[in-house]
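Residues annotated as signal peptide in TrEMBL: 1-20. If you look up TrEMBL, you'll see 274-296, 340-368, 374-394, 415-435, 447-470, 499-525, 531-558, 570-594, 600-625 marked as transmembrane segment.
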Ligand SMILES: *[C@@H]1O[C@H](CO)[C@@H](O)[C@H](O)[C@H]1NC(C)=O
């Protein structure tokens, strides 16, 4: 009971926080001339270590007091930590060469550490008015790549730090409101070895920069870079951080300020997605016509022939094409290996499939956009928990279909096996992040909230679903199961489980692998993935492909008088998960610079979770479709 209160509080808290701060498009904020515009800093991320760090873990200028922004559960789970910063931005006031804080004297160890972090490609993520900074480089703005690096390695091997930020805010003005709205946020990182002196006009002896070419900032100057390590650096480094702020008028409206981030910079990407859809559609159409042909032969021609007296020649032909009819007393014989696991996997597979599709639909409709930080993760968790009912119900129905009596074990496994597995893997990964002092480590409170959601919503719903599933009648089957199993003739090599999985898995993988590339890139290289419309289309094509590939292979198998189709219908499309895992490994080897034990473990952990989920989804779709198919063709012939 108490845990349910925690869950409710957590849910209410999530909703409240999300509403109050980050609901997109709800309220546009206006800033008056000169009003303070807060600049927030998020965790530092690295595509090399995949371990986020707190911004102030590095020797950057700190505000007088560091405060954390209110965050929701999803943000915690994603390792985000948003804090205030000492940058002072006043609306529509241009400033150049502002010293951020007194120069920081780095110890040798600090300089080396900073240099290592530069090598590991640590990236800063700043936020103004909930808009993430896009990196402005000399000729273009990279909106699809988030954030900007903390430094760079010079050709001679020295490390330079980007210690000057040229901040450009685009602001929109309109007679319909007073003040300015922030519609764009770009940062150009610059490295410059500054010089400073006591400001003679200041009474507190504040410092001011002396090498600043006013008006333009440092860009036009040819000041030396700021070295912190390597042959060019001195033993003792004084690091001064500085910034310019520019406010430029823009015609972009507030409502469309995210468009530029989400379009991924170019429409050429769109054609890649369309190409993917096209190839996947061709696969799907090909398979559909094949299944159509099978159905037509199986049901119409075979039946008409069955009803008429056949010649000897026709009989011989018949045997080859209609071997499936001979196994009618065995086709619904429960699987001999692990029927319970099969039933449980069907339940969990249905739960994960529905979660995926509902989440993708919500995203495609624009409910879960990136302005709404963390929403995707929260939505997925909550939807998963609510779908506990489906898991319980489907496992129970299947267990009953197999004449199983182990209803307690089925229910418990449906409720605990998959979440337990995911939780176990995440726990290991969390410990790794925690040991690395990374913000990826989920705070204790969030962990409790997730567990409470699961225990109080998902688990009871699974029990409820199982209760109804067991109460329901056993599914009526078109043919009776005979007492004695039929002898299975020797099977040709191309119908062996290994070969059918190898071949069958390729097509579902083929429908998604281009989209998979973009998803992997967004996860591991911090790009935006925001083509959920495309993803929805691809998911539908994937479902069709899985269903049909399973049907085709099971039909061939039944024709060869091998009736052990239950697991086959699951494993043939499910084998595509192996290809997904292999592709992830290939992607890691060719595209990523992940190095070291801990980051590798994180990569393997996430790949494992993704592949297992993918296996559950594709396998479940294949099985359910094949079951319907088998049911239909045997129902149509009504052999007795
Ligand atoms: C600030 O600088 C930008 C870019 O140089 C310029 O377009 C704008 O007019 C300036 N704003 C003010 C208030 O001076």
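We number each residue from 1, going along the chain as drawn.
Glycine is treated like the rest: Cβ placed from N, Cα and C.
Note that this is a predicted model, so its numbers are computed, not measured.
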Checklist entry - Do the transmembrane segment (531-558) and the transmembrane segment (415-435) come together with 3 or more C-beta pairs under 8 Å, pairs six or more apart in sequence? => result no
Checklist entry - Relative to the transmembrane segment (570-594), which of 274-296, 374-394, 447-470, 600-625 accounts for the most Cβ pairs at distances under 8 Å? => result 600-625
Item to check | Ranked first among 274-296, 340-368, 600-625 for CB pairs under 8 angstroms with the transmembrane segment (499-525) | outcome: 274-296
Checklist entry - Ranking 340-368, 415-435, 600-625 by Cβ pairs under 8 Å to the transmembrane segment (374-394), which is first? => result 340-368
